[in-house]
Amino acid sequence: MNGWTVTATVALAGGGAAAVWGVATGPLRRRVVAQNLSTTLACPALLLLAQGYRRPSYVDVALVLALLGPIGTLVFARLLAEDLHEDPPIGLTLTWVAVAFSAAVVAAVCAATGPGRAMVKLLVTGALMISGSLVASRALARGMPKGGDRHE
Amino acid sequence: MTRRTTLLHALSDFLLALFEVLAWWAVLAVLWLVLISVVDALELVLGAAVALVGAVAARAARRAVGAR
Amino acid sequence: MSRRVRLWLLALGGAGLAALLFAACLELPGFGGDRHPYGERAVRESLARRTANAVSSVNFDQRAFDTMGEMTILFAAVLGTVVLLRQTRDEHRAQPAPAHVAPPVRRYALITLPVALLVGLYVVAHGQLSPGGGFQGGVVAATALHLLYLGADYRALERVRPVGLYEVGDALGTSAYLVLGIAGVLAGTAFLANTLLPYGTFNTLSSGGTVPLLNAAVGMEVACAAVVLLARFLDQAVEIEENAVGTEESGE
Amino acid sequence: MNDMLIAVTLLLVAATATAAVAARDPVRQALVLAVLGVALALLFTVLQAPDVALSQLAVGSALTPLLLLLSVRKVRRRGRRKGRTE
């Protein structure tokens, strides 16, 4: 019922639909990118919701997603490395768009929170999300050992 | 002479390890301070302990990856 | 019983269940209202015991017995997995070759591992204050360890993960929960009753009586259980191979 | 507006869950399940249940995909070995 939740609704309606479409259809290389995109988008949405509901403790949910979301993408990158080597992912532009959106949301929420430990927590969450998302897309693009766990 | 150098090596290794753990401990303790909402004595004690666990884990992980 | 009779029985039971559920739905409070008979009572009780997170108060105080059942289910499931996925006589272990992960990914894994571990333990410790608790934090902490497999290889993970110790931790966490419950009986009240400790100051770490201790027990149990579970799956997927047909000892 | 937010997240969950049921290949299903976990976490947060959202995130984002993909790898490796010996 305020600007924060309205922004979250719009972002989830647009980005969420794109992520679901991307992950449910098409070749594997697009699906993994869409999976990474979904977490990169959900994290700022959760920060917006925490701010919109005025519940600072909801930031913990975004923090856990910022840590575990990229780990999930790394799982796919690691265990699907063989398939992804033959057919490396494309469409990483969308990931950059989501990262820019994350950065903008973190900046806006920080400005609304004001200086203090709460702001540093938001910045840490944002830094983890952005670096995690970029590293995960790097890992998808031939960043993992090709043979998987080949034996000696 | 050689014994002295090995002793020195052991000492420098120990100091490096101590430095690594202490650096991680400081970073993680600050992170704990950022995460919590109310600061009191119990929080500080628990934060220091948990940060130490994290620091030891960080060094163990780095060594496990480095030694091959 | 013939197939026909069985189908009729199933249809009858299904129709009865559907009718009961429908009748129950008619009596439910409206969607999204801020008044609920159970909610009001639960919140009143949790505030009386100075637990800021009412969900934790329900899970680890008012209905702590249910949580014991859930924890035991996880324990039994992991036990079953350990038995099912053990290395059998016609299988052998093959060491995987060292893997070469891109340097930024490896660096990210090494930096994120302690951070995720700290966040997991933070979530466990603050279950009585903010969203989270033993289960959530335990899973986060266990996942953090496996960054070593994702960012390097299985050998690196094996170096920092003595599975035996985690099995002991799993059992210790489960028994700690039971011991805390029995302590209530010995103190003269009831099993898992929250009367052992003072309730403390609202919204501080030491509030809520036994809730933080039960959270810690569950956190330990869940973290160790997840590590053991994943260890069995990783062993099977990465190391354990069947011996070639006809040879008892494969000499690879 | 809050109703709108609930409607959007509910639709996301419904669409992803349908896609997860429709996927035949376990690998692709694991990908859809990971997204379903995130969508469910959003729905729980919107319905003011952050504890459940945290549980869903903890289990659904990394642990479940890892278990699923490890099982797939084991099955594939066995298939490959069988193919070699025959």
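Glycine too: its Cβ is placed from the backbone N, Cα and C atoms.
The model shown is predicted, which means the values in this text are computed figures rather than measured ones.
In TrEMBL this protein carries:
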- C:3-93: domain 'MrpA C-terminal/MbhE' (DOMAIN)
- C:67-85: transmembrane segment (TRANSMEM)
- C:105-125: transmembrane segment (TRANSMEM)
- C:106-227: domain 'Na+/H+ antiporter MnhB subunit-related protein' (DOMAIN)
- C:131-150: transmembrane segment (TRANSMEM)
- C:171-193: transmembrane segment (TRANSMEM)
- C:213-234: transmembrane segment (TRANSMEM)
How about the transmembrane segment (C:171-193) and the transmembrane segment (C:105-125): do they have 3 or more C-beta pairs under 8 A, pairs 6 or more apart in sequence?
no
Counts of helix, strand and coil residues, the domain 'MrpA C-terminal/MbhE' (C:3-93), according to DSSP
66 helix, 3 strand, 22 coil
With DSSP helix as H/G/I and strand as E/B, how many residues of the domain 'Na+/H+ antiporter MnhB subunit-related protein' (C:106-227) fall in helix, strand and coil?
84 helix, 0 strand, 38 coil
